[in-house]
Amino acid sequence: MSSSSKTDKKAAVDAAAWMFNVVTSVVIILVNKALMATYGFSFATTLTGMHFATTTLLTLALRWMKYIQPSHLPVSELLKFVLFANFSIVGMNVSLMWNSVGFYQVRFSKICNVCNLSTVLTWDLQNFPSTTFQIAKLTMIPVSCFLEVVLDNMRYSRDTKLSIGVVLLGVGVCTVTDVSVNTKGFLAAVVAVWSTALQQYYVHYLQRRYSLNSFNLLGHTAPAQAGSLLLVGPFLDYWLTTKRVDAYPYSLTPVLFIVLSCTIAIGTNLSQFICIGRFTAVSFQVLGHMKTILVLILGFVFFGKDDLNFHVIVGMIIAVAGMIWYGNASSKPGGKERRSSPANSSTKFQKLETADADEKV
């Protein structure tokens, strides 16, 4: 196969993976909004545990059918990953409880993008109208950049840095309004942001380091996350909502929505691992803001246009322009690359192996 054909194939797979993540992330927002706002199932951490339990069942079935080959991930690495991921979930929930609405500006649902894992935040949706967007999420990109520079010896060109700044400016303009943060809420947000950035970095690192494709990595991490979240979730949810998950009046319709949410979460979790493995955590965060824009647009279309004003439209335009600029700047030679060192040669080779494995899945 010629180099141009390989490039075209890679671009097509990248686009498909990204669209898969965007579609599943946006659809699960709509499903979870109905589940929480209409049927009052506000047990976010427990629901996230159900998401990972469903994902675990899929990976076990695929392993049984020999679609997933045996792989190795040290227990120490697995524990670090689960620690980062769970601190991210708990930190986001606790920060929301301790901060004002402005710090977690909402427009149509309470979805917290924990490394974009469709984690629904636990709060009364009637008090917070429309889609979630946190100022804390804006800081995720600078933190992810810092981790790549320090841990991966990454270097960004001037255009790449400026394009990231434009994305942050645009998303901030169209989503952030009032801001009021207390000390406890700020500390919880700091924990959430750093743990989320570390978890997303670790997804990319583990795939490179141990030559794991997305299904293999999910097969290792999903059972551990499911078990820990289902164990801690009911207690955390009760603390945040004063409601018990076992006392919820289960009926056919909300159960169907729970099943649908868990099913879609499989695609969201898998596509996140695929995208971070192919794009790195920073690119995933930058492109991830496109989902914020799409959710805003869908909120305006389906839930009214009261918030669709001039500064929101301008913010969307700036953000999209920044994303396009970032895509062009980071793909150019020197736009985003690791500083040359002997260790990086093996790192790049492992990354290519992971990408090839994902294409075969």
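Glycine is treated like the rest: Cβ placed from N, Cα and C.
According to TrEMBL:
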TRANSMEM  12-31  transmembrane segment
TRANSMEM  37-60  transmembrane segment
TRANSMEM  81-98  transmembrane segment
DOMAIN    157-326  domain 'Sugar phosphate transporter'
TRANSMEM  162-179  transmembrane segment
TRANSMEM  185-203  transmembrane segment
TRANSMEM  215-236  transmembrane segment
TRANSMEM  248-270  transmembrane segment
TRANSMEM  282-304  transmembrane segment
TRANSMEM  310-329  transmembrane segment
REGION    331-361  region 'Disordered'
COMPBIAS  350-361  compositional bias 'Basic and acidic residues'
Contact count check, CB pairs under 8 angstroms to the transmembrane segment (37-60), set 215-236, 248-270, 310-329; argmax is 215-236
Residues from the same chain, set at least six apart from the ends of the transmembrane segment (215-236), whose C-beta lies under 8 A from its own | 43, 45-50, 52-53, 55-56, 59-60, 62-63, 67-69, 71, 73, 78-79, 81-82, 85-86, 89-90, 93, 203, 206-207, 244-246, 269-270, 273, 277, 357, 361
